[in-house]
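If you check TrEMBL, you get these features:
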BINDING   A:E43, A:C62, A:L398, A:H450  Mg(2+) binding site
BINDING   A:C65, A:C444  Ni(2+) binding site
BINDING   A:C65, A:C447  Fe cation binding site
Amino acid sequence: MGRTIKIDPVSRIEGHAHITLHLDDAGNIDDAKFHLTQFRGFEKFCEGRPFPEMPALTARTCGICPVSHLVASSKACDHLLSVTIPPTAVNLRRVMNLAQLIQSHALSYFHLSSADLLLGMDSDPKSRNLFGLLKVDPQLAKDGIRLRQIGQTVIEMLGGKKIHPGWMVPGGVSGPLSEDSRTAMLAMIPEGLDIAERTFESFKDLIGKFPEEIQHFGNFPTMFLSLITPRGGLEHYDGFFRIKDADGKIVDDMVPLEEYQRIIGEAVEPYSYMKFPYYLPMGYPDGIYRVGPLARLNNCDFCGTKQADQALDEFRALQHDRPVSSSFHFHFARLVEIIFALERMKELLESPHILDTRVRARARGNNDEGIGVAEAPRGTLIHHYKTDDDGLITWANLIIATGHNNLAMNRGIKQAAEHFVDGNHLQEGMLNRVEAVIRCFDPCLSCASHAFGQMPLRIELHDSRGNVVDQMVR
Amino acid sequence: MSEAHKITLATAWLDGCSGCHMSFLDLDQRLIELAEKVDVVYSPIVDTKELPPVVDVGILEGAVSTEEDLHKARMFRGRCQFLISLGDCAVSGNVPSMRNTFDLDDVLDRAFVENVQAQPGRPSESLPTLLRTVLPIHHVVQVDLFVQGCPPSADTIWQVLTELMAGNTPDPTQFTRFGA
């Protein structure tokens, strides 16, 4: 019987989880598990609700990426209505989705992860946070705050509030964009792009300091799943599924979104309330894949905007002729996507049709089943509903972006623990690195629980008789 | 003002969506001002994970859904001089409590048995036990201030914090409401 190290909670992530590291008798890592510790049950308690409530209700899955749920849910409801929504409504939804990508990626990089990168993985945990960053690198911290604010402000201008706006509805959006709001949004974009570009440049300088982390932070072959446009470009709102393998070979392509059940299965492990999606044709757990910014950039043939495509070239150069395999580079990909989102948002807002007032199609429920899929900041998000003749929900299935990465996160912490953790002599920085792997994935556990918390970190090392041989608290 | 006289603040999320904490982060540039007056000693956004024995102000987001939530709520009550129940889930149970109208086993089975293609079964290993009934925070511990909203806006949170820093008891009902 070996020993167990428990990291509880994993901090500076969006949600509530702990990690257990299982050691053999010699003190080597035998296994590592990532436990999501809360569960809510949306798939059941939505039963009986009128379907038009679903976008606003399921947005409450997550306060970080509520817009993703609004998008996927509204699209599932469009499917129930059996309508094609006005093109301006599509573009307005896209603008809000991109605004969210900006604020959520900014949160992940600046507020949660940059303290590790700038203050150091081994720095004092008391100041290893946004407030510590404000003292050491105030410009970067302020940039992060401002960039997130730009995204949140666009969301507020469209939907009336920053978190849980109710503006996206079945059939489109509830109101058009005003000229004043468009002007104000466009005015913020150059500042956002300046911040995004200088952050990208400073990050490229930083990564030279982390060769070991890049090598051991969830760096292994997996497939990648994401949406792409019909021409193979980077896509966040619609399009088709693409799955690519670790060598860059396309495994499955142009899969219509409504056919997700043909390619995605979900498994359960007894140690987590988060399920484990896998590529169904390959079975579990061989069908492991990753989603999110890393997957989207690995999968797409191009971004489709000027500066982002230049940044994409630099991303490709990280690992010539193959998809980028290190999960550390989720950060890299995230910064490229911020640039893309700002450029694409500008294009959409500059289109003359964006002010059209026809932004909603109206119908009653025509289908009894609806599927909506979109790219959340963390990866592909799927909502699937069934309704009765009165339009009341009878069944729901949600496959959450973070969930897709569950297998890879577990494998990633094991790899990092094997390399960095000395089971016979614990140091705080070793364990922070294990947590930092999780931060690369930017898991949104409030989503994944379709759940959530926080407790003191107490690490105890027990011998096989259960005696405490080493302990630390932070 | 010296570091020693800063107000200490602890925050935690129980069963919620983290939206109230995100609204706290929506203080944006006011976070810089806040950092001069307040020391965030414990929170999901910092790494100091031991809740100090005495904290001036505690903020809890989310409802009480697990044994662990229950423990955390009690720990916060025991150690925080002033405890705030932040947001509709904390104040009323809100969305997390929607599962109360179903049997917990049915809720678990939908997620972990019915909607699954491999290894169905209810997870339990190294996980906190779910309560049969989700409760608002004041059903398990005494709360000093309720702040409604889903989530309460950053302006509301700022009003509450600045009033507290000035030594006054805030009245959030002027700025927010359920569902705001």
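Positions of Cβ are set from backbone N, Cα and C atoms, glycine also.
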Just to verify: the residue among A:C62, A:L398 with the fewest other Cβ atoms within 10 Å, which of the binding-site residues is it? A:L398
Going by DSSP, is A:C444 (Ni(2+) binding site) part of a helix, a strand, or coil? strand
Between A:C62 (Mg(2+) binding site) and A:C444 (Ni(2+) binding site): CA-CA distance (Å): 8
Whole-number Å value for how far A:C65 (Ni(2+) binding site) lies from A:E43 (Mg(2+) binding site) (Cα to Cα): 18
Could you round the CA separation between A:L398 (Mg(2+) binding site) and A:C65 (Ni(2+) binding site) to a whole angstrom and send it over? 14
Given the binding-site residues A:E43, A:C65, A:C444, the candidate whose Cβ has the fewest other Cβ atoms within 10 Å is A:E43
